[in-house]
């Protein structure tokens, strides 16, 4: 019972950290006109280049995040995971101060450096938290816990939209959005460093393995029996053994295509909606779009986890992976179709909001299933590394190139959609409406890109089903 209480409060701690991480990610897309104008003023560039540099801010964060999550995932095999989390979070706090100071110093370079450092800091937490939850959550609600955790990624980003828009357009300015985040994260980093019971802070090669079919009493018995550390192997060998699994690769490639689309729309979505006349003002667009994302995520993400727990919590691990893959492939296919229907109705506000809300519910129901499918491809000691490899490939193929590509497309097909100063206020160029067709074309591109996700996950379902049939399982 005491162990259950400990894992519960650690889970709450993880949720708080995750929320703050993703609020940070939402600040820049929540105030696109403010940041576009900052870029133009500090870089002395043409209006037609703003989108590229706005995308670069998002991509630089993701690039450093993707590279260093591999390092932290590898180190977690041999080092205490919560110490790694704490180191990363203290770095993240320093990065927030740098981002905040960039406004006062009018330095794009300082803001870019802060975004790069924040990606490094966040990576330590994001590769360790999902495997910890999957190993220590109660068996009957394990995927639901994962669903709640991933709900906060979407909710945090959406909250960041509103948070960034409100502070950016206030007398405080967007610099204070970063300062306040640093102050909120600092005590959480200290708890990770000093407040975690030793039984939960074991390196991957010394922590007990967890059979997902064990009940809680058996699990507690295993916690008392810590095996001897395994022989250290090279980073490249460990990574190779994770990547050669075909289901792992298909899951990752599908997730990368999905991430490409969601990341690009996350950065430029509010700007597209303002330019198309769906919303008139930046604050309105960010708050309504953010609220829509929050509601859809709160419904969809836990629902996806609950449905998987309902159908698969008493089955063998391999069959559970099949159920996860099947569920996420179906949800993605329906969500993609609804998103394209939402695009077709633009610039009708009611049509767009209704269908995009339905699409997001289906799309947000996939992350917990995806995490389970990836984690069950490898043995328990390699799960943090699997998360790291998964994250590196997703970001290298997904949200590192996506904001830059969409920014370039926006600059090319909607060159009049830059930010200008009118009467002392920073607004989107009123001539943006002349480029409505270009905005629609740019908007459609990431939606169609999600069809690659449907294809990759569909093939993964077929492969696992074929393997299960050969092993004698019936459906």
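The backbone N, Cα and C atoms fix where each Cβ goes, glycine too.
If you look up TrEMBL, you'll see 10-475 marked as domain 'Major facilitator superfamily (MFS) profile'.
TrEMBL lists 1-25 with the feature signal peptide.
Long-range neighbours of the transmembrane segment (52-77) within the same chain, counting only residues 6 or more positions beyond its ends whose Cβ lies under 8 Å from a Cβ of the stretch, are 25, 28-29, 32, 35-36, 39, 43, 45, 84, 88, 108, 111-112, 115-120, 122-124, 126-128, 203-205, 232, 235, 238-239, 263, 267-268, 381-382, 384-389, 391-392, 394-396, 399-408, 411. Per TrEMBL, transmembrane segment is recorded for 52-77 (among others).
According to TrEMBL, the transmembrane segment annotation covers 84-105 (among others).
Positions annotated as transmembrane segment by TrEMBL: 144-164 (among others). Panel annotation: around the transmembrane segment (144-164), residues 11, 14-15, 18-31, 129-130, 133-134, 137-138, 174, 177, 266, 270, 286-287, 289-294, 296-298, 301-306, 309, 364, 367-368, 371-372 of the same chain, lying at least six beyond its termini, place a Cβ under 8 Å from a Cβ of the stretch.
Taken from TrEMBL, the feature transmembrane segment applies to 176-196 (among others). Sequence-distant contacts of the transmembrane segment (176-196), counting only residues of its own chain at least 6 positions beyond either end whose CB sits under 8 Å from a CB of the stretch, comprise 10, 13, 16-17, 20, 23-24, 27, 82-83, 85-86, 89-90, 92-94, 96-97, 99-100, 114, 163-164, 167-168.
Residues or ranges marked as transmembrane segment by TrEMBL: 247-279 (among others).
The transmembrane segment annotation in TrEMBL covers 285-308 (among others). Away from its own ends, the transmembrane segment (285-308) comes close to residues 26, 29-31, 143-148, 150-151, 153-155, 157-162, 164-166, 269-270, 273-274, 278-279, 320, 323-324, 327-328, 331, 353, 356-357, 360-369, 372 of its chain (Cβ-Cβ under 8 Å, at least six residues beyond either end).
Sequence-distant contacts of the transmembrane segment (328-346), counting only residues of its own chain at least 6 positions beyond either end whose CB sits under 8 Å from a CB of the stretch, comprise 254, 258, 276, 278, 304, 352, 354-356, 358-363, 365-366, 369-370, 373, 440, 443-444, 447-448, 450-451, 453-454, 457-458, 460-461. Sequence annotations record features per position, and here TrEMBL assigns transmembrane segment to 328-346 (among others).
Taken from TrEMBL, the feature transmembrane segment covers 352-378 (among others). Non-local neighbours of the transmembrane segment (352-378) in the same chain are 130-131, 134, 143, 146-147, 149-151, 153-154, 241-242, 245, 247-248, 251-252, 255, 258, 262, 273, 278, 288, 292-293, 295-297, 299-301, 303-305, 307-308, 317-318, 320-321, 324-325, 327-328, 331-332, 334-339, 341-343, 345-346, 385-387, 390, 460; each lies 6+ residues outside the stretch with a CB under 8 Å from one of its CB atoms.
Note on the transmembrane segment (443-464): residues 246-247, 250-251, 253-255, 257-258, 260-262, 264-265, 272, 276, 318, 321-322, 325-326, 328-329, 332-333, 335-336, 339-340, 343, 346, 373, 402, 406, 409 of its chain, located 6 or more positions outside it, place their CB under 8 angstroms from a CB of the stretch. Residues or ranges marked as transmembrane segment by TrEMBL: 443-464 (among others).
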Revision key, fill the gap. Per the Cβ filter (under 8 Å) with a sequence gap of at least 6 from its ends, the transmembrane segment (84-105) is approached by 17, 21, 24, 38, 72, 75-76, 111, 113-118, 120-125, 128-129, 173-179, 181-182, 185-186, 188-190, 192-193
Point to revise | Same-chain residues at least 6 beyond the ends of the transmembrane segment (247-279) whose Cβ lies under 8 Å from its Cβ atoms | key: 25-26, 28-30, 32-33, 51, 54-55, 58, 62, 157, 161, 285-286, 288-289, 321, 325, 332, 346-347, 349, 352, 363, 366, 370, 373-374, 377-378, 386, 389-390, 393-399, 401-403, 405-407, 410, 414, 417, 428, 432-433, 435-436, 439-440, 442-443, 446-447, 449-450, 452-457, 459-460, 463-464
